[in-house]
Amino acid sequence: MREKRPIIALDFPNAESVKAFLKLFPAEEKLFVKIGMELYYSAGPDIVRYVKDLGHSVFLDLKLHDIPNTVKSAMAVLAELGVDMANVHAAGGVEMMKAAREGLGQGPKLLAVTQLTSTSEEQMRADQNIQTTLAESVSHYAQKTNLAGLDGIVCSAHEVVAIKQVLGEEFLCLTPGIRPIGSSEGDQKRVVTPNQARSIGSDYIVVGRPITQAQDPLNAYYAVYKSWNDLDV
Ligand code: C5P
């Protein structure tokens, strides 16, 4: 099986810090990076073009959620930028997710966020008036995501086995909340190692601070890479 790249969360405040970070890697090392709201709103589409021009792959994590027509047009813009992966909130509904797919086209991967992992079951019941378990809500949204023709969901590694049981192995699970052995958990709870995520069946892992804030980001990246691909360290 082909080796898989861990996705590095480029949670930096501006383009300068991203450029400095990427310079730490050899030019031939083609990365898969995640650009989230903070960086995108600060540096704009130019940062996506910059990263793509270096030959890296981009997951643009903007979690779109609006009326179908607006999401479709926005996704068409992101497709023009050449993103490799984008996402929406499943709460926007099947029609919105189908529109997102139409706008983005079939090439890039399209994922949905079900319940944010920062949402507790109590909050879901009180704030969203969804009177069921969190697991049931995640599974429900995952099924709607599949129905809409998306590729998969963003979820906790702890949800992967149950999701794959319902939707099959082909349905993609991208999991953040990854910590290499010995690194600080930060504000993440219930973390797993890259190797555990692999055993659980995650298709993609997102790793931020254990790489971006490391003393030696290049070596931290290689260690995560090896653990994720189950290579001898
Ligand atoms: O630094 P760290 O590895 O915790 O970064 C994880 C990245 O994944 C961040 O960009 C964070 O916003 C994102 N994320 C997460 N948990 C989720 C969804 C996304 O940590 N449930």
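In case you wondered, yes, glycine gets a Cβ from its N, Cα and C as well.
Keep in mind that TrEMBL annotations are predicted by a computer and have not been checked by a curator.
Positions annotated as active site, proton donor by TrEMBL: Lys63. Look at TrEMBL and you will find Asp11, Lys34, 61-70, Thr117, Arg179, Gln188, 208-209 tagged as substrate binding site. Feature annotation from TrEMBL assigns domain 'Orotidine 5'-phosphate decarboxylase' to 5-224.
Closeness to ligand 1 is met by Thr117, Gly208, these being the binding-site residues among His65, Pro68, Thr117, Gly208 whose Cβ falls under 6 Å from the molecule.
Taking only the Cα positions, the spacing between the residue listed as 'active site, proton donor' and Thr117 (substrate binding site) is 14 angstrom.
All protein chains considered, the CB of Gly208 (substrate binding site) has 19 other CB atoms within 10 Å. Around the Cβ of Leu62 (substrate binding site), a 10 Å sphere holds 17 further Cβ atoms from the protein chains shown.
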